[in-house]
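Below is one structure, written out as structure tokens; the observations come after it.
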Amino acid sequence: LLLDESPPRTPTGNALSSESDIDVSSPNASHDESLAKELSLKDSGSDLSHRPKRRRFHESYNFNMKCPTPGCNSLGHLTGKHERHFSISGCPLFHNLSVDECKVNLQTRASSRDKQVEERTLSHRQDENRHGTRHQAPTERQMRYKEKVTEMRKKRNSGLLKEQKDQYMDHRQSHGNNREPLLENITSDYDLELFRKAQARASEDLEKLQGQVAEGSNMIKTIVFGRYELDTWYHSPYPEEYARLGRLYMCEFCLKYMKSLTILRRHMAKCVWKHPPGDEIYRKGNISVFEVDGKKNKIYCQNLCLLAKLFLDHKTLYYDVEPFLFYVMTEADNTGCHLVGYFSKEKNSFLNYNVSCILTMPQYMRQGYGKMLIDFSYLLSKVEEKVGSPERPLSDLGLISYRSYWKEVLLRYLNQFQGKEISIKEISQETAVNPVDIVSTLQSLQMLKYWKGKHLVLKRQDLIDDWKAKETKRGSSKTIEPTALKWTPPKGT
């Protein structure tokens with residue numbers, strides 16, 4: 001198909017793969033899944049037996065907060081800095097050390113570090129007058145240091161004595177993989193000390209990633225949300241008195257967070273909310289979408305952002321919600337409208353972004369709701385007679401989700417197109433997808449070629465046939481119906 005105009009300038013291949021607030025799919029969707037625990041509903045007397053059970057995610061965390069090394073009481077840390085540890089990497093016992101030895105090693109490393117800093121400062125003063133050329137001869141200090149290291153490495157014993165070998169074998173047979181092998185005399189003291197320093201530094205970094213050593217880190221590992229118990233993925237800045245509990249209880253309608261199941265039951269007995277605040281602007285079957293103004297319903301939107309941060313890595317908006325509109329998708333049954341997902345949108349976006357942040361709740365992931373949210377955001381753009389695009393830069397997972405949606409939109413358009421000449425501008429106007437996104441998707445599908453001074457779009461029938469087969473198999477249950485939208489653009493947008 002011949003393009004009647006040159007396509008817009010496209011970004012480089014890596015321009016769309018950086019970090020962003022946009023995330024639709026689970027960061028660990030490939031993890032083993034287990035069925036979710038159902039909350040006891042005897043007190044409320046509600047019958048939810050007809051609702052399908054959902055799944056739990058992220059089962060790999062150790063929530064017992066105990067070191068897995070046999071015989072270890074979790075006291076001390078390999079670095080000598082902390083009173084407790086919760087992983088093998090930080091366990092003194094696993095590394096055949098005592099808590100006191102780790103503290104002594106910390107003091108030794110500190111004094112050694114101070115000495116190195118002094119030597120480095122002195123060497124910099126001596127080298128100030130040297131010109132910074134690329135191929136420069138080593139300084140006298142560097143030569144002395146190299147000779148010193150060579151001498152220290154020569155001090156290694158020529159080999160292990162028979163008694164030492166027997167001792168090492170007995171240690172291995174007694175503890176197996178539950179302890180680190182004995183390392184003394186395996187290499188020089190210099191190299192062994194370098195290895196120990198690297199171990200200590202890595203152990204602290206690993207436990208910081210788990211949020212178990214760093215002061216003030218989030219300890220929320222699970223949340224009770226409606227009839228689901230969900231494992232969290234990331235830190236969220238809840239108040240410290242709640243963050244250190246390990247588990248939060250949330251009202252799935254007003255999103256208020258509580259400390260215990262008893263408080264939650266008392267709240268649910270008097271909570272009058274059965275759906276999000278704001279206006280219901282879409283309804284098809286049991287699926288509804290509510291438009292919530294961040295200025296009018298500030299507390300609800302802040303709670304929604306805090307909840308979303310538990311499952312989004314790069315989200316940064318928590319409290320400044322007034323400039324945003326939130327579009328909350330729900331699934332209704334006889335107990336109320338249950339939160340499926342949402343996306344936020346700036347009221348006045350200079351770059352015409354139609355999505356700032358987007359999330360599908362973990363229990364509804366991989367069921368088509370993510371694409372429904374994306375499709376709904378573009379439907380709003382069509383009503384506004386604008387061309388929309390998600391806020392940049394995109395995360396890797398966000399790019400995958402949007403690229404999949406853009407691919408379906410383009411294949412549907414090309415399947416229905418009967419002409420010979422096609423315009424990127426016309427595609428953009430009919431689909432509300434930004435021209436840059438259209439061109440980048442065509443390039444990723446290898447459907448855009450430059451030949452004899454003209455841009456050609458290759459209509460790949462194999463991709464269209466695959467899309468048709470998937471559409472037929474998927475059905476129309478998870479699609480947005482434009483006629484079901486009852487909405488006029490807010491003033492000032």
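Every residue gets a Cβ built from N, Cα and C, even glycine.
A quick note: this is a predicted structure, and the numbers were derived from the prediction, not measured.
Taken from TrEMBL, the feature region 'Disordered' applies to 1-53 (among others).
For 11-29, the entry in TrEMBL reads compositional bias 'Polar residues'.
The annotation compositional bias 'Basic and acidic residues' is assigned in TrEMBL to 30-50 (among others).
The region 'Disordered' annotation in TrEMBL covers 111-162 (among others).
Residues or ranges marked as compositional bias 'Basic and acidic residues' in TrEMBL: 111-152 (among others).
What TrEMBL records for 215-489 is domain 'MYST-type HAT'.
Positions annotated as active site, proton donor/acceptor by TrEMBL: GLU391. Summarising the environment of GLU391 (active site, proton donor/acceptor), the number of other Cβ atoms within 10 Å of its Cβ, over all protein chains shown, is 20.
Per TrEMBL, region 'Disordered' is recorded for 472-493 (among others). If one looks beyond the region 'Disordered' (472-493) by at least 6 residues along the same chain, the residues whose Cβ comes under 8 Å of a Cβ in the stretch are 281-284, 291, 325, 347-348, 367-369, 371-372, 375-376, 379-380, 382-384.
Per DSSP, the secondary structure of the region 'Disordered' (472-493) breaks down as 6 helix, 1 strand, 15 coil. The average pLDDT computed for the domain 'MYST-type HAT' (215-489) is 87.
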